[in-house]
Every structure is written in structure tokens, then in C-alpha cells.
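Heads up: the structure comes next, in C-alpha cells.
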């Protein structure tokens with residue numbers, strides 16, 4: 001146990017250290033664009049770490065997480081549009097461009113819809129849960145496709161990046177390190193959470209819900225709160241990606257995006273929290289390198305994923321820590 | 001435990017009925033549990049013992065009838081709610097958290113009593129109150145030496161002991177035990193029987209059990225269930241001498 005713990009700590013330190021060094025390395029190679037590319041992986045890592053909370057610890061395999069990603073992004077996009085042209089958003093409010101307003105709001109809106117989706121879908125489990133979360137995500141996808149007021153299918157440009165006192169979000173380094181700090185904060189918060197009383201309850205619910213009920217717990221309540229926390233983190237990542245690409249479109253909510261987030265979690269090692277950071281980076285590097293061979297890079301990615309699932313059930317982190325099961329409390333069902 | 005000398009039953013089932021299609025699984029079942037007494041529920045396979053216990057614990061709703069606890073009608077209360085009030089159950093088929101350690105299994109039960117489930121920040125593993133109570137319970141059921149072992153790796157008998165520790169962690173007034181000795185060897189059964197004898201003064205216990213030796217040794221009152229109905233209820237002597245019981249149940253070779 002102690003040995004595993006320290007190996008996992010090394011794996012954590014290594015990936016965060018590497019990510020911290022990206023900007024100086026990129027500048028050394030005189031390729032500032034690398035920062036922008038890695039920044040994208042960082043933002044996906046934030047959403048995926050949040051997703052790992054419910055997949056890896058809560059046993060809720062959500063196949064609709066892109067919905068929260070998209071909702072967060074559209075919150076930033078829509079508020080930014082009104083702030084830009086000064087038009088009325090709602091009740092005389094002309095939107096906002098301030099990160100301290102927009103980002104918490106993106107989290108709140110995502111958590112709100114997370115509560116609604118969760119209340120309905122958490123009454124099911126297994127394949128039904130996967131399908132219902134997917135169906136909800138599709139619902140939101142088509143909602144934004146038909147939202148012609150905000151670009152519909154064509155999407156919406158974010159004319160100005162959000163503003164944060166004392167920081168220039170247009171600066172590559174600043175924005176990169178801000179996202180990095182947010183990733184660290186989210187990871188740290190969730191690491192504490194899964195070791196807390198609440199964490200123990202959701203892990204217990206994943207293992208044996210009936211037993212939890214016999215012990216006096218109402219699983220739905222705890223699972224719902226975990227689902228909302230995960231949704232809020234997805235919303236925050238969405239607001240960041242909107243700032244990163246300065247563009248928001250229904251593509252962010254496409255079902256393949258939900259799949260991508262799940263792939264990141266599984267590839268990196270679910271139930272580890274740090275795994276998804278590896279997963280996001282690995283998927284991004286795979287994509288970049290495979291794309292140079294063929295535009296149908298997913299044809300190669302697919303088999304790689306299958307190999308990982310079959311041979312490294314603990315994902316990358318499970319492999320690094322020499323623990324195929326990744327963690328005692330991870331997604332291994334001991335079949 | 002609050003010292004309360006309740007006169008009469010702390011827990012009672014009144015005229016429970018439950019049918020599945022044409023099959024009457026519970027047929028006018030009434031029984032009472034008193035603090036300090038072990039009430040054994042016996043009956044042949046398929047008599048509806050587990051179905052009855054599920055209605056008492058709140059996992060199943062009866063079609064008719066009531067369940068009373070401490071003078072309160074709890075018929076419509078869910079299993080979690082009853083558990084929080086003080087009605088704890090164990091399962092016939094071992095139900096523990098395989099991936100938790102032995103100590104964590106008990107700790108999650110202790111936490112149910114301790115509350116603060118929406119504490120997101122403090123490490124539960126270092127919670128002194130929970131750990132202290134957990135260790136007490138592990139000592140009580142004789143699992144202290146296995147605290148750090150993964151629960152799935154315990155021997156079968158130890159898992160049954162762990163279940164008892166988890167039920168006790170809820171500090172219940174009522175214990176509903178569904179064949180706690182199932183699958184245990186003779187030594188383990190005897191140990192558990194001794195534990196139940198030591199515990200019984202503080203609890204009202206319903207013991208669903210197959211092993212007649214254990215039942216005759218432990219029970220103060222025995223009810224015999226056949227086809228969902230209680231055909232006899234009384235002391236060990238009454239039941240031993242009851243001809244209906246002998247015909248319906250004991251004659252089957254138990």
C-alpha cells in the first residue's frame with residue numbers, strides 16, 4: 001500500500017511537473033503554438049478529472065458529459081456576445097465578460113442541469129444510465145443546433161476573452177498557467193473529496209448500493225450531489241475552452257465529445273484522478289502524431305484503446321504504479 | 001445505548017400480507033420483538049422467511065398490515081430511514097464492500113451513525129472518533145487482527161462476522177439477522193452464537209436461522225413459518241413438542 005501510494009505520488013508529480021514546464025520548453029524551441037496546443041489538453045484534463053469522480057468513484061458511467069462542457073461554453077459565449085454588443089440578455093442584464101462572474105455562472109448552470117439530468121437518470125443504472133445520459137446530451141446538442149439566435153449550427157464567436165483583474169487572458173503563458181492552476185485546484189479538491197466522509201459514501205454506493213441502504217444511506221442523494229459537482233467542473237472546463245478557441249459551437253456537445261472524455265478517463269486510468277490528466281495528454285499526443293500519418297487517425301486509435309482496456313485495465317497510471325487495478329477503489333469489478 | 005425499559009415489544013409486525021401473483025409469500029404474519037430476547041423465525045426452504053424479513057427491514061412493502069417500532073407506525077418508511085431509526089439488518093447472502101478494507105467496511109457503518117456525510121474536505125481515514133468506534137467493534141467480533149485486509153480476501157465465516165459488526169455499528173435497538181450462521185463451520189457458528197448471547201441483553205433480535213441446534217440454544221421465542229403463515233409460536237419446549245411443527249418442518253429431517 002505504502003509503496004503504491006508513493007509510486008502514485010511520483011506519477012502525479014511527474015505529470016504536473018511536465019505540464020508546468022511546457023511554456024519554457026516551447027519558448028526554447030521557439031514554438032509558442034505548442035503552448036496553445038497543450039493548453040487544450042489541459043482543459044480537457046479538467047473536464048475528465050471531474051468525470052472520473054462519477055465514473056471511477058461513483059460508478060456512474062455518464063456518456064453525456066459533453067452536455068455540461070457545452071453548457072459551460074455557451075454560458076461564456078452567450079454572456080460574452082451580449083457584453084460585446086450591449087444588447088439585453090435577460091431582465092435588462094447585458095451579459096458579462098468578467099471571468100469572476102461568467103465562470104462561476106457556467107459552473108452553476110451546468111450543475112443545475114446536472115441536477116435535472118441526474119434526478120432522472122440516476123434512477124437507472126448500468127447500460128440504461130449510459131443511454132439516458134447520452135439521450136440528454138443529444139437533447140442539448142439539438143437545442144443549441146436550433147438556437148439560431150446564438151448562431152445555431154454555425155456556432156458563436158467569443159469576441160473578447162473574459163477578463164480577470166490583473167491578468168491578461170490573451171497572453172499565452174498567462175492563460176496556460178491559469179488553466180494549469182485550475183487543473184491543480186480541481187485535482188486537489190477532488191483528491192480530498194474522495195478521501196472524505198462524502199467520498200466514502202459514494203464509493204460505498206458504487207460497490208454495493210443495497211448494503212448502503214441497509215446502513216441508513218439514501219444513495220440517490222449522494223450520487224446526485226457527486227453528479228452535480230462533476231457537471232459543474234465540466235461547465236468550468238467548457239467556459240475555459242470557449243476562451244481558448246474564442247468560439248463556441250454545438251460540436252462541443254456532440255456525442256463523440258462525450259466519448260472522447262470517457263476515453264481520456266479510461267485510457268489514463270479511472271478511479272485515480274491523476275489518470276485522466278495522463279489520458280488527456282496521451283490522447284492529444286496520439287491524435288497529433290497519428291494525424292500526420294492519416295486523416296482517419298481514429299482507425300488506429302480504436303485498436304489502441306481496445307488493447308489498453310484488455311491488457312491495462314488500470315490505464316496508464318495503473319501501468320505506471322504497477323497496479324493493474326489502478327487503485328483499490330477503482331473501477332475494477334472483480335468479476 | 002439509552003437505558004430504556006420498554007414494557008412490551010419494541011418492534012412488532014401486525015397482520016402482514018404479501019403476494020406475488022397467485023403466490024402468497026406472507027400470509028397474515030404477526031410477530032413481536034422485545035429487548036433482551038431472541039425471537040427465532042424458522043421454517044422450511046421457500047417458507048417466506050427472507051420475504052418477511054425484507055418487509056420488516058423496509059426493503060419490501062407489504063400489501064397489507066403494519067410494522068411498528070417504538071410505538072410508531074413505520075410501515076411506509078424506507079430501509080435507509082428504518083436503519084437510521086435503529087432497525088439494522090444483515091443479509092443471507094454476504095453483503096459487504098469487497099474493495100474496502102475490513103476497517104473501512106465497519107467505518108462506513110459507523111459513519112452512518114456519526115453523520116456529516118456532506119463533509120468534503122477532512123480525511124475520513126484519520127477521523128479519531130470513527131476509528132475508535134471501528135476498532136471497538138472489530139475487537140468485539142474478533143476481527144481486529146484483519147483490520148487492514150481487503151474485505152473480499154476474508155474467509156467466509158469472517159465475512160459473516162464483519163456483517164454483524166456493521167449492523168452493530170448502527171447502534172440499533174432491533175437486529176434483524178438473516179441466517180447469520182449460513183455457510184459457517186461448527187467452530188465459527190459456536191463463536192457467533194456466544195457473541196449473540198453476550199449481545200442479546202441490549203437488543204431485540206430476530207434470528208432467521210436454519211441450524212436447529214443454534215436456534216434451540218439461543219432462542220427465547222420461536223415462530224414457525226410455513227407457506228408464509230406462522231403455524232406455531234412459543235418457547236423452545238412448546239415448539240419441540242408441537243405436532244404440527246413436527247409434521248410440517250422437523251420431520252423433513254432438520
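Cβ coordinates are placed from backbone N, Cα and C, and glycine is handled just like the others.
TrEMBL lists A:1-28 with the feature signal peptide. Here the signal peptide (A:1-28) has long-range neighbours at 34-35, 38, 42, 172-173, 176-177, 180, 183-184, 272, 274, 277-278, 281, 317, 320-323, 327, meaning same-chain residues at least 6 beyond its ends whose C-beta is under 8 angstroms from one of its own.
Per TrEMBL, the feature transmembrane segment maps to A:38-59 (among others).
Annotation comment: TrEMBL describes A:66-84 (among others) as transmembrane segment. Under 8 Å from some Cβ of the transmembrane segment (A:66-84) lie the Cβ atoms of residues 47, 93-97, 101-103, 105-107, 109-110, 113-114, 117, 136-137, 140-141, 144, 150, 156, 158-160, 162, 230-232, 234-239, 241-243, 248, 250, 252-255, 257-258, 260-261, all in the same chain and six or more residues away from its ends.
If you look up TrEMBL, you'll see A:96-120 (among others) marked as transmembrane segment.
Annotation comment: TrEMBL describes A:127-147 (among others) as transmembrane segment. Long-range Cβ contacts of the transmembrane segment (A:127-147) within its own chain (Cβ-Cβ under 8 Å, at least 6 residues beyond either end) map to 60-67, 70-71, 74, 113, 117, 120-121, 153, 250, 253-255, 258.
Annotated transmembrane segment per TrEMBL: A:175-199 (among others), in sequence order.
Feature annotation from TrEMBL assigns transmembrane segment to A:220-241 (among others).
The transmembrane segment feature in TrEMBL is assigned to A:261-286 (among others).
Taken from TrEMBL, the feature transmembrane segment applies to A:298-320 (among others). Listed as Cβ neighbours of the transmembrane segment (A:298-320) (distance under 8 Å, sequence separation of 6 or more from its ends, same chain) are residues 7-8, 11, 263, 266-270, 272, 274-275, 278-279, 282-283, 286-287, 290, 326-327, 330, 332.
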Region pair the transmembrane segment (A:261-286) / the transmembrane segment (A:96-120), three or more CB pairs under 8 Å: no
